[in-house]
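Visitor: Here it is, the structure in full.
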Amino acid sequence: MNAISKLPRRSVAMLCLVAVVSMLLAQACSAVKHEDFKTCEQSAFCNRHRTFADSMLKQSQPASPYSVIKNSVALDGHFLTAAVEHSSEKVPLKFELGFMKNGVLRVRVQEETPLKPRFDETQMLVLRDEGGSLPYASPESIKLASNTTDNRVVSHTISYLDSNSSFSIRMTERPWSLEYLVDGKPTIQLNTKGLFRFEHLRERPAREEGAAEDTTGEWEEKFRSWTDTKPRGPESFGMDISFNGFEHVYGIPEHSSPLSLKDTRGGAKGAYDQPYRLYNLDVFEYELDNPMALYGSIPLMLAHSTESTAGVFWMNAAETWVDVSRQKPNSAFSGLFGRGSASHAPAVSTHWISESGVMDIFLLPGPSAADVFRQYAELVEPTPLPREFSLGYHQCRWNYIDQEDLLSVNSKLEEHKIPYDVIWLDIEHTDGKRYFTWDQSKFPDPVAMQQELARNGHKLVNVVDPHIKRDSEYRIWKEANENGYFVKDKNGSSDFQGWCWPGDSNWVDYLNPQACRWIGEQFHLDKYNQSTTDLFVWNDMNEPAVFNGPEITMDKDSKHYGGWEHRDVHNIFGMLYHKATADGLYTRETPATRPFALSRAYFAGSQRYGAIWTGDNAAEWSHLQASIPMILSNSIAGMHFVGADVGGFFGNPDAQLLTRWYQLGIWYPFFRAHAHIDTKRREPWLLGEPYLTYIRDAIRERYRLLPFWYTLFREASLTGMPIARPMWIEFPLEQALFTSQDSFMIGSSIMVVPATDSNVNQAIEVYFPAQENWYDMKTYALYLAPLKRQFTLDLSTTLVFARGGSIIPTRERQRISSALMKHDPFTIYVYISRAGTASGKLYFDDGETYDYKNGAFIERELMFADAKLSSRASPLTKDTSAYIAFLKKTTKVRVERVVIVGLPSALTKATVRENGEEREIQLELGCKGSDSDSECVIRDPAVFIGSDWEISLS
């Protein structure tokens, strides 16, 4: 027996944990270790498919070996079915097309009679209402026509007769391919490059004596010291999907890559040599400009051109790789998907490869970007309205040391008049990393602490990670163990064990509905000791991170509820924990209030459960720059409530970098400052002047615009439109903006051009797009687009512009939390377009409950035309009892100021009409009219926000 074995078990565990944590911290300081993570060549199924693609391209006329079995095509309701088989394997595959009213086409492929069931529960977990309310088209609206050419090529055309646009699908039998036509033009094409390959389930062949060992990784795969046993054998599949007429594709987060996705094959300048990987991983200090997998995966890709926007949603939760290759217009194309063929139109070809499950693809035809966002939202649900406080400023670090430290930070923020809504506690607040507990020596009275925060409207967020410390005295572990709620090892008999922050740990199996309900109940006030309704939750490490596992995650052959392997569900593991957390917060109160839960790992559907962030970035200018395309990529993939750690997680930002990061961070939908435990303290007041003032001014700007942000989240909840938007969404005809990531839009009204390098007096060139007016939001200076203009900035200056034709609601009174703003009056900013008009919306509700679903909200449509500003209730406003009750609560909330910018002529008075009454008021501050810097202020028009009213200028 060695010396360590004589120590108490707790001491041994602590020694081992110290060693593991020291190793990880050392790794963090030396940046990402590439050898910890697989390349495509090291991922056997990816390598097989890529090798197959290479072999196809060596053929002079590559053709898919798959064909439709003769006479198998049939139209059955809103589905078309067919049988497809390989020319030599002769294993029939069931091919199914599902047609939806909104033009979306669903494509599913699996074995007709599988040897074993494939994992097909992703649809139940991702699609809205478990897939039960998808808007399938009526059978009578779908028409099938078949045609045989002179050279005996059989094709079938399916058209939607009741769509607003002209959508049709053309399927060719031999070789099998599919084309989605929008207004008669092939827009999305499947298997036209012949890369469809489906590894059918099979029995393991007997190994003959003396036969060479399998090196394809079909039945066993080794990576470093780990062996993946692959008991089901090969079951992967791949498909080429081409976007015809497009040069740019976007999405498939999460990667630290440019907004417009780079080529991954074909040898183009700057291209990657690896596919984009979708496999949720804990990657320390991730490398920039890289297609490596990161913390989340959303397999949604959008293509955009001046003519249209289209998308593909590849609904699969297993490890997935995506190759991208462009075909330039009017050139011979010799990249991955072509061999010198002449071309007159651009195209982007992609190759999607997944390890297991069912091939389940949704083609989103658009044709506008707004159409694609709506079509995707109708599949997976849009982002719901969040708690209002969660749109404020979040103050976080690993870790606030104790109760005194945390309350001191709260007091300092209030003392320096820095508004904030949430302060956060990381893993050190617990009793030995036992989640749902407190270290009582550091936090002796958590309830009193939460009550002190709540006194001025502040909330607390605690981290609750998914790993459960193995400790028979720990209630959470004991209950989960007794009920069999943990993920099992590859044999399915013992619990899977691994290492994370507590040391030896188990992981709850969130595929088990009972386990999900149980973990959700732990967030209830009677279970989560010393918690209150002002406490919310942060899910970290839920990829899941397993320090001693392959690729720092869970072994793929671990077993989940239902007998499924972890490989089948890896990318939804984090989402399921996020859901269980949000469900627990939802059910802890009656009536329910909206939960807030932040997650690091995510998948399509995660937007339903809360916010995410981009993970462990670094305090470097390059990471500040990279946060923009990362947030925009998540936004266009439906993950709207997204942010990045302001200041950078690793390292120590200087005062200039930290200031600039706050000035950008206020434009992240989720706005949180966060830092590693080894970094220097960096709360804003520690920087001194002038940095404190610059940062405070930035945060106050966020709070001033909270009504605008909340209204944007309302729009997102109804339409699926992103909140932070790439420029091309708002200006779809401006080709120069298709790759732009140095500026972006917040909604349709505000353009942000951040300062992102270390030059103290930066010279930044701004492009003002379209035939529009643009106004500096601080000086009201007018810029007539299209225009390029260079600005020189000092550290106090930011470039933020309002788009002419916009109306933006604000609340101007300075408060220290959003809760204290609830009854403050509104200011309405009107930015005049060249046509002399403007429009906008204002939405608000109680910011906490679900009463808005019963009509308890105020939503106003604001219009300016013919020198007249009007407010009308939106068509969604109904005279329900809930609405009337809410209106009574807000009868004293008024508009205290109207600011009209860009008036073309001088004005002297205003006439107000409200509730049948008319009165005149005098105008203040200029109202002189000019080509630039024109500001007209109407002070206290005394109109109420919930009323219909009109202000006429003359």
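Glycine is treated like the rest: Cβ placed from N, Cα and C.
Bear in mind that TrEMBL entries carry predicted annotations, made automatically and left uncurated.
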Visitor: With TrEMBL as the source, which of 206-228, 252-274 is set down as region 'Disordered'?
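Guide: When 206-228, 252-274 are checked in TrEMBL, region 'Disordered' belongs to 206-228.
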Visitor: Mean pLDDT, the domain 'Glycoside hydrolase family 31 N-terminal' (95-323)?
Guide: 93
Visitor: In the same chain, which residue numbers or ranges, 6 or more beyond the ends of the region 'Disordered' (206-228), come under 8 angstroms Cβ to Cβ?
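Guide: Beyond its ends, the region 'Disordered' (206-228) has Cβ neighbours at 35, 38, 42, 44-45, 47-48, 199, 234, 549-551, 555-557, 567.
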Visitor: Six or more residues beyond either end and a Cβ under 8 Å away: which residues meet both conditions relative to the domain 'DUF5110' (826-866)?
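Guide: 385, 387-389, 591-594, 707, 710-711, 714-715, 749, 771-773, 775, 802-812, 818, 872-874, 876-883, 885-887, 890, 893-904, 945-946.
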Visitor: Helix, strand, coil residue numbers for the domain 'Glycosyl hydrolase family 31 C-terminal' (720-808) per DSSP?
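Guide: Taking the domain 'Glycosyl hydrolase family 31 C-terminal' (720-808) as a whole: 7 helix, 38 strand, 44 coil.
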Visitor: Per DSSP, what is the residue count of the compositional bias 'Basic and acidic residues' (219-228) in each of helix, strand and coil?
Guide: 0 helix, 6 strand, 4 coil
Visitor: Where DSSP helix means H, G or I and strand means E or B, what are the helix, strand and coil counts for the domain 'DUF5110' (826-866)?
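Guide: For the domain 'DUF5110' (826-866), the helix, strand and coil counts are 4 helix, 22 strand, 15 coil.
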